[in-house]
Amino acid sequence: LVRSSFNAPRGEVKCSVIRLKEPLRLNSPNLNFFSQVGLLSGIGLIVGTVIGSGIFVSPKAVLANVGAVGPCLVIWAACGVLATLGAFCFAELGTMITKSGGDYSYLMEAFGPIPAYLFSWASLMVTMPSSFAIICLSFAEYTAAPFYPGCDPPTIVIKCLAAAALFTITLVNALSVKWASYIQNFFAAAKMVIVIIIIVSGIVLLAQGNTKNFNNSFDGPPLSVGTISLAFYNGLWAYSGWNQLNYITEELKNPNRNLPLCIGIGIPLVTVCYVLINISYFTVMTSTELLQSPAVAVTYGDRVLYPASWIVPLFVAFSAIGSANGTCFTASRLPYVAGREGHVLKVLSYINIKRLTPVPAIIFYGAIAMLYIIPGDINTLINYFSFTVWIFYGLTVLGLIVMRFTRKDLERPIRVPLIIPILVLFVSIVLVLAPIITAPELPYLYCVLFIISGLVFYVLFIHFKFSWAQKISKPITMHLQMLLEVVPPEDVPE
């Protein structure tokens, strides 16, 4: 695809790139990963995408916010319903606007460049790196927990393990797409193994009569909209990935029929799994014991699977590594699209000429994520990640509603009832505003100010395109190209 030779007879670096007459695309006949995905394969793809490390991290935080078993299980089910409705909205957007880039392209089409730029700014600097950091911290907690029975592992141990995992995953993804793909396939299978083990053992315990922790399950402290919203933040973290499902549209057989069926079956199936996993936890732990557990699944394994309890932290760690690898593996698409529009440094969309990997984007994500690991803890990062991401989910769904009236000419192979995006938009507004109103904290203000601060860069570097900014960025791009051996990718026609 790409070939280069470096020589410097006069102190210059020369690079020759061979471009294909026809760009290779994931849905090209030359490179097709999902050749005609059927209904069952599509459901499996959805389940494998959504289920990750979140289900082993979030239960304690959800319970801490609602305070009782009954509301906790209701929140998990409600999160599944919201994810399903949101996925239907994004399925309409994905089949209506077929450009790459997901939310970025939808916001560009609905509202123009400024909201799209702010989305790319927030994603590049906040949501994607913080997601990477959260998963690596989850891996570190479950890896360290067996070595510190009965107490929380030292913070420094968790930070160091998380940093080591992040560095390793970043390095693997920068060096080889093939190795990253092998890792993803292996750990995807591992996470399904541990989910099945927990669910089956929980069902057996229920059948044996371990139901005492479900008595008076709705007796707990009074709930507020703010605490419910924070519980939703943590629950929805475990459903992360529901908005990516429209990317399989072009590979599905009969997508107009099968995509809604995949969503309508796949995400409810994930919801059932999540509710059953939480029920399994409560068969052997009271609410107090679950909140005091340093790692919920490890405690469950110690009580149910002993002497084979080591299986649980091992496979949960595998699941977290797989999720982190998948996050890093797919992180380059937005910089490519935003770089093509001139909304980020173009070098972030460049690929390595030898390894064909988006090295600048991967290194950038790894560096920013490392900054989140140093001061952050999982629950705080999840709250601020969810707060930021639901601002843009709501804005994207608003774009869907607006385009129903402003872009009637667009073909809509999938058309959801208007009440669904209106309901998702309403819930998004509640999720964003409720924590601020009921329990205002300065970090929420900092998040909003940071998102808005992107306008400063937009005005200086994109709208006016000051010459001094170009003079600074060009030599930086040139030196990074030589250092990382990267070139612009072939433009793919939309």
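Note: Cβ is positioned from N, Cα and C throughout, glycine not excepted.
According to TrEMBL, the protein has these features:
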- 33-56: transmembrane segment (TRANSMEM)
- 68-93: transmembrane segment (TRANSMEM)
- 114-140: transmembrane segment (TRANSMEM)
- 156-175: transmembrane segment (TRANSMEM)
- 187-208: transmembrane segment (TRANSMEM)
- 220-239: transmembrane segment (TRANSMEM)
- 259-284: transmembrane segment (TRANSMEM)
- 304-324: transmembrane segment (TRANSMEM)
- 356-375: transmembrane segment (TRANSMEM)
- 381-402: transmembrane segment (TRANSMEM)
- 414-437: transmembrane segment (TRANSMEM)
- 443-464: transmembrane segment (TRANSMEM)
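Same-chain residues lying 6 or more positions outside the transmembrane segment (356-375) and placing a CB less than 8 Å from one of its CB atoms are 1-2, 124-125, 128-130, 132-133, 136-137, 159, 162-163, 166-167, 169-170, 173-177, 328, 331-332, 335-336, 347-350, 381, 480, 484, 486. Listed as Cβ neighbours of the transmembrane segment (259-284) (distance under 8 Å, sequence separation of 6 or more from its ends, same chain) are residues 39, 42-43, 45-47, 50-51, 55, 59, 69, 72-73, 76-77, 79-81, 83-84, 87-88, 91, 95, 195, 198-199, 201-203, 205-206, 210-211, 213-214, 238-239, 242, 245-246, 248-249, 252, 290, 296-297, 300, 303-304, 414. Taking residue pairs at least 6 apart in sequence, the transmembrane segment (114-140) and the transmembrane segment (443-464) share three or more C-beta contacts under 8 angstroms. Counting C-beta pairs under 8 angstroms (sequence separation of 6 or more), the transmembrane segment (68-93) reaches the transmembrane segment (414-437) with 3 or more such pairs. Panel annotation: around the transmembrane segment (156-175), residues 132-133, 136-137, 139-141, 143-144, 183, 321, 324-325, 328-329, 352, 355, 357, 359, 362-363, 365-366, 369-370, 373-374 of the same chain, lying at least six beyond its termini, place a Cβ under 8 Å from a Cβ of the stretch. Taking every listed stretch (187-208, 220-239, 304-324, 381-402, 414-437) in turn, the largest tally of C-beta pairs under 8 A with the transmembrane segment (114-140) is reached by 381-402. With Cβ pairs under 8 Å as the measure, the transmembrane segment (304-324) is packed most heavily against 187-208, out of 187-208, 220-239, 381-402, 414-437. Residues 82, 85-86, 88-89, 91-92, 95-96, 225-226, 228-230, 232-233, 255-256, 259-260, 383, 386-387, 390-391, 393-394, 397-398, 400-401, 404, 444 of the same chain lie 6+ residues outside the transmembrane segment (414-437) yet bring a C-beta within less than 8 angstroms of a C-beta in it.
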